[in-house]
Each structure stands twice: as structure tokens, then as C-alpha cells.
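Quick notes on the structure that follows.
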Amino acid sequence: MKQVNLIFILMYLANLTFAQQTQLRLKTEKEIILETETFSVVLSVEENNDVNLLYLGKKLVNTDEYKLLGKQYKQAHDYTNMYQSVYTASGTRNLLEPAISVQHVDGNLSLDLKYVDHKIQQLSSNQKQVTVYLKDEVYPFFVELNYLANYTENVIEQWAVLKHQEKKNVTLTKYASANLSLKGKDFYLKSYHGDWIAEMQPEEERLTHGIKTLDSKLGSRTNLFRSSYFALAIDNPIAENEGLVLMGGLDWSGNFKVDFEKDPQDNLRIVAGINNYASHYSLAPNKELVTPRFSYTLSTNGTGEGSRNLHNWARSNKLIDGYGERFTLLNNWESTYFDFDENKIFNLLENTKELGVDLFLLDDGWFGNKYPRNADTSALGDWVENKTKLPNGIISIVKEAKKTGVEFGIWVEPEMVSPKSELYEKKPKWVVKQQNRAEFYFRNQLVLDLSNPEVQDYMYGILDDLFTKNPGLAYIKWDCNAVIYNAHSNYLEDQNNFYVDYTLGLYKVLERFRAKYPKIPMMLCSGGGGRIDYGAMQYFTEYWPSDNTDALDRIYIQYENSMFFPAIASANHVTTFGKQDIKFRIDVAMMGKVGFDLNLEELTADELHFAQEAIKSYDKYKHLVWHGDLYRLANPRETNHASLAYVSKDKSAAVMFNYLTSYSQVSKTTSPIKFGGLDAAKKYSVTEINLYKSGSYIPSDLVLTGDFLMKIGLNPVLSKGKRSAVLILKEVK
Ligand code: DGJ
């Protein structure tokens with residue numbers, strides 16, 4: 001027994017000595033510091049040319065003190081000096097989840113990336129980029145790690161560029177975008193799962209040792225079950241207005257994988273990138289694989305500040321025309337489905353005008369002749385007007401819209417093909433499917449092979465034709481309803497490249513479209529919210545959160561989307577889905593970009609009048625919602641109501657939305673709801689808009705200071721008889 005103990009002690013000492021020696025030997029040679037207004041990322045180049053992430057946290061006043069950081073941590077031993085690697089390579093010393101793993105031409109699986117150089121570029125007064133050049137010690141394999149800091153928005157974008165000079169193709173078996181490492185007492189992850197009409201369902205958990213993975217293997221419509229966007233609180237559980245929280249996701253519309261690994265030192269490693277599932281990517285010599293960006297903010301004041309950071313960044317850097325205007329609209333999907341003709345559409349154009357919105361959007365069902373699109377079983381791919389429904393073509397609607405004084409937009413789903421279509425008959429090789437297996441459908445359709453440049457040309461052609469043949473067309477809704485089953489390309493030699501090349505192909509088409517049509521507003525839809533990520537969003541002006549348009553459910557979906565995506569991008573339509581009165585439905589739609597999708601003839605005169613007046617008010621105040629700062633004041637998952645406010649950047653005005661979310665007969669708002677983001681010293685008049693049937697409980701001459709509104713708050717007095725209230729605050733001088 002004694003002997004066994006002695007052996008253990010000797011083994012322990014041997015290990016300790018080795019580890020201590022390793023640690024003692026490795027001194028930091030230099031630090032690379034990248035800062036935003038509030039946080040910093042510090043990389044350390046070690047004596048042996050490893051590059052580690054020394055720090056990711058609140059910015060220090062004195063940059064010289066970053067180098068003293070390491071000494072304050074007396075953690076368990078890192079046997080490898082790699083637990084905090086900036087890009088963990090596998091096959092050599094690594095013991096944890098790698099960021100990259102490869103198979104070289106000779107079959108060897110090892111990689112050890114060493115510092116070669118780095119470059120710091122000031123791209124503008126607000127953007128600084130650090131590029132770190134790494135190289136394997138043995139093989140001609142190179143990695144460039146990029147960190148782009150958006151200073152005032154406090155957002156860092158990270159991505160890698162991989163290349164090699166081996167004789168033949170190297171197989172990348174993993175190729176993440178970013179590899180972070182965080183220190184903290186505890187880590188709390190809020191992630192999102194979902195399904196059709198149940199998007200963005202949050203779950204929060206305290207992370208334990210081991211790996212928690214957020215991933216998608218769906219190929220297209222990749223957020224159907226899961227978003228890659230998350231919030232991670234450090235030390236304490238997630239809170240809206242306090243605490244350190246990292247928020248972000250992978251800006252990629254294909255398969256993704258984000259691993260959270262609590263390591264042997266109790267630190268949290270995050271490895272985020274394209275999912276390597278069925279995607280061991282074959283990279284030719286001297287070609288580059290540029291990974292998508294992993295973008296994140298580190299808020300020092302909870303998720304509220306984190307969201308505002310991401311919204312500011314998205315409006316100035318990601319969305320098309322992020323600080324611009326948007327069309328309010330009438331859509332026909334939920335009122336007609338596939339059953340319409342030219343007369344009905346002309347009537348809908350009149351309705352658009354009567355309602356007072358800007359644009360009419362014609363949805364699915366306008367195309368296909370050999371196989372008319374009268375149901376979701378045919379015609380995707382045959383993008384020619386159906387002669388029975390539209391005998392005079394789209395152009396006649398565009399012209400009629402102009403006469404009526406409204407804009408006109410149209411729905412397309414260019415990535416897809418129906419087995420019952422002329423395209424499928426003519427181009428079976430363009431279809432993603434296993435040639436020797438039975439087809440399997442998602443919504444009766446299949447996906448086109450976007451890894452094939454011919455298919456990319458065809459897809460660009462669909463869009464370009466619509467605009468060249470119909471000058472004046474003002475808007476596109478781009479849908480994507482199917483996931484990829486039986487992933488197989490007839491074009492690619494290496495099937496392992498399919499999922500990645502599909503998404504890159506999609507971006508090539510969107511890139512080309514935007515080069516010719518930079519400003520056309522376009523909605524990103526994927527059978528609801530199946531594709532909401534900044535990889536795609538950079539080509540769009542707005543997104544469709546869900547086919548669930550029940551206003552009560554929408555409050556929850558919109559609330560969670562607001563964590564990452566700004567209100568200007570959220571297309572919120574008023575429909576007849578759900579039992580709420582017209583006021584509640586419009587009030588909910590107003591916390592975003594308003595649209596309608598209902599039959600005006602089914603509204604009573606009172607309802608129609610209310611809707612028309614509400615649109616007029618919305619036109620007055622929409623800039624607050626679209627361009628202002630969001631403050632989430634009450635979370636419907638924590639209380640019986642939801643409350644959100646948008647405050648103008650100069651703090652001179654705000655709009656506050658309040659919704660009673662509990663359907664209990666006795667439920668009401670019993671306490672004031674505290675504001676955020678106002679100027680304590682300013683005085684604000686408070687008025688209620690969108691009054692319907694019940695009057696307002698807000699006295700007509702109410703003026704309160706920002707101080708009162710933020711310390712005490714305001715009760716919108718919601719109850720069974722009045723389930724929502726929209727209040728406008730204006731500075732009184
Ligand atoms: C799914 C979308 O989410 C709906 O809004 C509608 O456009 C249908 N597709 C049309 O097929």
C-alpha cells in the first residue's frame with residue numbers, strides 16, 4: 001500500500017515538475033492589445049512562439065498593466081501551454097477541443113502553429129484590425145487570424161484565413177473562426193432552440209465541466225432548430241442591466257458549431273465556426289479558405305447594453321441601409337394564400353393605399369404554367385408568371401401600383417425546386433439529391449446545388465430578370481423553406497466540400513445581386529425565422545421572425561430576437577392569427593417594421609379606422625424604433641407583462657411599448673415600470689397613442705423628469721380591459 005502511495009507521489013511530482021518547468025520556461029515575449037471603448041482582447045506571444053489569449057475582459061486604464069495579469073492567476077497546471085491558445089491546433093500537444101485539425105498530403109495529422117508576425121491596421125477612426133500570422137513548424141501550412149475591433153460599438157469580429165503550399169490538397173477536418181478563452185467564477189449560457197412557428201425559445205444553464213455544443217446540420221434553413229447566437233454571463237446569472245456578458249454568434253447561414261468547454265483549469269473555452277460535420281474540407285495548394293466571422297460584444301452592464309452594442313454595430317456595418325428608411329406594407333399571404341388573380345391584386349393595391357402603408361407585397365403562387373403554383377406541391381424553379389392568374393404579367397401590376405400611388409414587391413424562393421416543375425425535368429443534375437436513393441422532401445421540395453457556378457448564374461438570372469423586365473419593382477421577399485436532405489452535389493468532386501460551398505455559392509449570388517442593386521429592400525425569410533444570421537443579413541434590409549403571427553407569441557419571439565438584431569430589421573405583420581383585438585396586434589407589430597397581412601374587407605369600420613390612424617402615428621414615431629436605443633424594461637418570462645422602450649440617441653424622445661401577457665382575468669400591472677436610457681435632468685411630457693375603445697389612464701398634462709422615470713417609473717395601467725399601451729415621451733424645455 002505504502003509503495004503504491006509512493007509511486008503516486010513520485011508520479012505527481014514528476015508531472016508537477018514538468019508542468020512547472022514548462023510554465024517557468026515560457027515567458028511572454030510580447031503582448032498584442034486590441035481595445036474597444038469598454039473591453040479589450042490581449043494576445044501574448046510566448047517565448048516558444050505559441051500565441052495565447054492572455055485576456056478578454058473589461059478594458060484597463062493603464063495598458064502597461066496587461067502584462068502583469070498572468071501573474072495574478074495561480075491556476076492548475078496547463079501541461080501543454082495551450083489551454084488558452086488563440087487557435088488550438090490538434091495532433092501535437094493539444095489535449096482539449098481544437099480550433100483546427102488537418103490531414104496533410106502525406107497522411108500526417110499533426111499541426112503546431114507558431115507565431116510568425118502580426119500587423120495592426122487602423123482601417124478608419126472607428127475600426128482597427130489585428131492580423132496574426134501563424135505557421136506550422138514542419139509543414140507549409142499557414143493561418144492568418146483576424147480580429148476587427150469596432151471601437152464605439154464594442155463589437156469584435158474574428159475570422160481565420162487558411163492556406164498551404166503542399167503538393168496536393170490538404171484536408172481540413174476542423175476550421176473554426178474563433179477560439180476564445182474566458183476566466184470567471186462561473187459561466188451561464190443563454191441559448192436558443194426552436195422549430196417552425198416556435199422560433200427563439202431561450203434556455204439558460206450554468207455550464208459545468210465538459211463541452212456544451214450549439215450546432216446545426218440542416219445545410220439550409222439552418223436556424224430551424226437552433227440559433228448560433230447566444231449570451232454568456234461571466235460570474236453571475238444573466239441579467240438585463242448588470243454583469244459581464246458576452247453576446248454574439250457565427251455570421252454564417254450554413255451548418256455551424258459553437259463549443260463551450262469548461263477546461264481543467266475551470267476557464268471557459270469557446271470554439272466557434274463552420275460545423276465540420278460531413279465537411280472535411282479539401283483545400284487546394286495556394287487557395288484560401290476564409291472562415292465566416294464570429295462577432296461578439298462584451299457588455300459590462302448586462303444583456304441590455306450588449307444588445308445596444310450589437311444593434312449599433314449591425315445598423316452601421318451589417319444591414320443594408322441600417323440607418324435608412326423602410327417600406328410599411330400589405331402582404332397577401334395569410335389573406336389569399338395561392339388563390340388570387342390580377343383583379344384581386346389590383347384590389348389589394350387599392351387596399352394598400354386605403355390603409356396608408358407604402359407597398360403591396362405579392363407572396364407565393366404567382367408563377368408556373370405547365371405545373372401552376374396553386375399549392376405548395378409544384379412549380380418552384382419555373383419563375384414565369386402564371387398566365388391564368390397574371391395574364392398581363394408582373395409588369396401590369398407594377399404599372400397599376402404606380403397609378404394607385406403605392407410601391408410593389410414580390411416573393412421568390414430561388415434556391416428551391418419542386419419535383420413537379422419544368423426546371424426539375426430539364427436540369428435534374430442541378431438538384432441536391434442522392435442519385436441512387438429515394439428522394440425525401442421538406443415541404444414537397446428539393447434544394448438546388450448552389451456549389452455549382454451554373455446554378456449560381458441561373459439564380460442570379462432569376463432576380464436580375466425580375467428587375468430588368470419589370471422596372472419599378474421595389475421590393476423582394478426571399479424565402480427558403482427547405483432543409484437539405486440527401487446532401488450530394490453532382491458538380492463537386494469532393495462531397496465533403498458540399499455544405500460549405502453551398503453557403504459560399506449563396507453568398508456569391510447575393511454579392512452579385514447587391515453589386516447591381518445595392519439599395520433594393522429585401523426581406524430574409526426562411527419559412528419563418530429559419531435563417532437569421534449576420535452572414536445573410538448583410539445582404540438584406542429586414543428579416544421575417546416567424547410564421548407565428550399570433551401577437552401574443554410574437555411578443556416573446558420579438559423580445560428574444562431583440563437580444564441580437566435591431567428593431568428596424570424585424571418585419572412584424574398584423575394578421576388575424578390569434579384572438580387579440582386590432583389594437584393589441586398593431587401595438588405588437590409596431591416594435592419593429594410594420595406590415596399587414598389580412599383582408600381589409602374583414603375589418604369593421606372601427607378597426608379599419610384605428611389601423612389607418614395607427615399607421616399615421618407610426619409614421620411619426622417609427623424613427624425612434626428604427627434608429628433609437630432599445631431598453632428592455634420588463635421581461636414577459638419573468639412577470640405578467642412585457643415592456644420595451646426605444647430612446648432617441650440625443651435622449652430627447654422615446655416610445656414605450658407595454659403588453660399584458662398573462663390572460664388571467666385578474667392580471668394587471670400593479671407597479672410602475674422603470675425606464676432606462678433617459679436623461680435624468682430632462683423633463684418629458686408623456687402621452688398615449690393608439691387609443692382604441694378604452695381611453696388613457698395617463699393624465700393629459702403629465703410631465704415627469706428623467707430622474708423620476710428611471711428611479712420610480714410609470715404604470716401604463718394594463719388590465720383585462722386594456723392589454724396594451726404605447727406611450728410617447730418628449731422632452732419639454
Ligand atoms: C413561408 C413564409 O414564411 C411565409 O411567410 C410565406 O411566404 C410562405 N412561405 C409562402 O410559401
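Cβ from N, Cα, C; glycine included.
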Next item on the list: Taking TrEMBL at its word that D363, D364, R443, K477, W478, D479, C480, N481, C525, D547 bind substrate, choose the one of W159, W196 listed for that site.
Entry: W196
Check: For D364 (substrate binding site), what residues in its own chain, 6 or more apart in sequence, show a Cβ-Cβ distance under 8 Å?
Finding: W333, Y337, F338, R373, D376, W411, E413, D479
Check: Which residue, out of the active-site residues D479, D547, shows the minimum number of other Cβ atoms inside 10 Å of its Cβ in this structure?
Finding: D547
Notebook entry, point to check: So which binding-site residues are near D547 (active site, proton donor), with CA atoms within 10 Å, out of W196, K477, N481?
Noted result: W196
Check: What does DSSP say about K477 (substrate binding site): helix, strand or coil?
Finding: strand
Margin query: When secondary structure is assigned with DSSP, how many helix, strand and coil residues does the domain 'Glycosyl hydrolase family 36 C-terminal' (642-725) contain?
Written below: 6 helix, 32 strand, 46 coil
